[in-house]
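Among the features that TrEMBL reports, region 'Disordered' is placed at 55-81. Feature annotation from TrEMBL assigns domain 'Protein kinase' to 109-411. Taken from TrEMBL, the feature ATP binding site covers LYS138. The feature domain 'AGC-kinase C-terminal' is assigned by TrEMBL to 412-488.
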Amino acid sequence: MEYYHIAAPANQRTLAVPGLFAPVPKRSPDKYSQNANNNQKKCSQQATAFFKDSVKRAQERNQRQSETERRLQEPNVSQEKRDQIWLTTGRKEGQYLRFLRTKDKPENYQTIKVIGRGSFGEVKLVQKKANGQVYAMKSLIKTEMLQRDQLAHVRSERDILAEAESPWVVKLFTTFQDAYFLYMLMEYLPGGDLMAMLMKYEIFSEDITRFYMAECILAIEAVHKLGFIHRDIKPDNILLDHGGHVKLTDFGLSTGFNRLHDNSYYQQLLQGKSNKPRDRSSVIDQINLTVSNRSQINEWRQSRRLIAYSAVGTPDYIAPEILTGHGYSFSSDWWSLGTIMYECLVGWPPFCAEDNHGTYLRIVNWMQTLCFPDDIQLGPEAENFIRRLICNPEDRIGRGGAQELKAHPFFRGVQFDSLRRVRAPFEPRLASSIDTTNFPTDQIDQTDMASRLKAQALQGAETPLEDSLEMSLPFIGYTFKRFDTNFR
């Protein structure tokens, strides 16, 4: 083959010396050490996360600037007010930039009380030492996340809470991490959860049920508008704020069909870490009760409370298409709403059984097992609404959006646009901002478990966790800081 100097005109090209231009070297990572390859992976992930966050922050800042300019253009704004708006905006932006450069850590917070604990970690009521602000801090053990294939779940929860701006979803303020734990700092909702309300009152009237189901519709709709399916709607995950209104939490099983929410992504990222086959029993509770005995129902609820923060899922409210793996969609969350409404009116979930396998069988065979007790009279509209939710996906109300549910006769007269301004049926009575009376803290060991959890995380580690690829690579990009609330 002949080589020419192509920069010269065609009639002046001269024959080039063969071999003058060396071929492009092939990429051969095998010739580098394992440590070099690991560093390359980390740098690549960190660069991707950095530029992605930078672009997103620039977009958000432009939106805030546009909103500020819109306010300044309003005709009734005086020059003095305009100057004040500019001054306040500049101060907030500067504070936020300084906040982004500040590394958060658990030592910045004082623990008031542990309000939940499980095999993955714990949830604590904490107070920021610098300003006294009260939060709920969720701590997750990194090694447990890795060993139990929970990487996709924890990332999914972080992403949806970081994206959500809805009053129907628990607010996430910031996420941070160290070598051992992932931390999520969220708003503290002192009203407890719907499970606690059911344990206290056993059943609700149709009017009270209508209120909570209407708020749940708006909460689930807010999640769906973000492009996520919750997949774990249950009374434990329906929290109540200081006014008794609903907020959804615990998005660990949610999916937004994002590659970061798929376990296979992390298997490929870590190379050689295979996903263990999921045991069917891991999504089914161990339940022991006879549904005809109401005291046993509350015993079952007490046992449910013990696993609220554990790795074991709760099948009673999960749609059959999720359990069988036959495909699911946004309507799967509406099935869960139907089972919760049934429990509110009847006193127990529609498919509870003697054991975990029985619960699963009753759900997948719902056509034969769904029944309404003769001694409990439900209004025809309430029963019809439940049956429209607990049915085959293709027949389920809500396939065309939440508006279908809002239009059902059961909600006739409900003003969905102003629900949050309506007084809730149950308003929590709180002694202070750190009141935990609506949480079962007396059932939770209050001793400091941080040292034990760190020892558990270190057990069997061949290298220091801060230097371990497995403990750092999957969690790059996890840190999040919300604007306008954190730098107080």
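Any Cβ shown, glycine's included, is placed from N, Cα and C.
Note that the structure is predicted; figures quoted are calculated from it, not measured.
Under DSSP, residues within the region 'Disordered' (55-81) fall into helix, strand and coil as 21 helix, 0 strand, 6 coil. Note: LYS138 (ATP binding site) has non-local neighbours GLY121, GLU122, VAL123, TYR183, MET184, MET186, i.e. same-chain residues 6+ apart with C-beta under 8 A of its own C-beta. Residues of the same chain lying 6 or more positions beyond the ends of the region 'Disordered' (55-81) and with a Cβ under 8 Å from any Cβ of it are 89, 93, 483. Mean model confidence for the domain 'AGC-kinase C-terminal' (412-488) is a pLDDT of 76. Under DSSP, LYS138 (ATP binding site) is assigned to a strand (E or B) in the three-state scheme.
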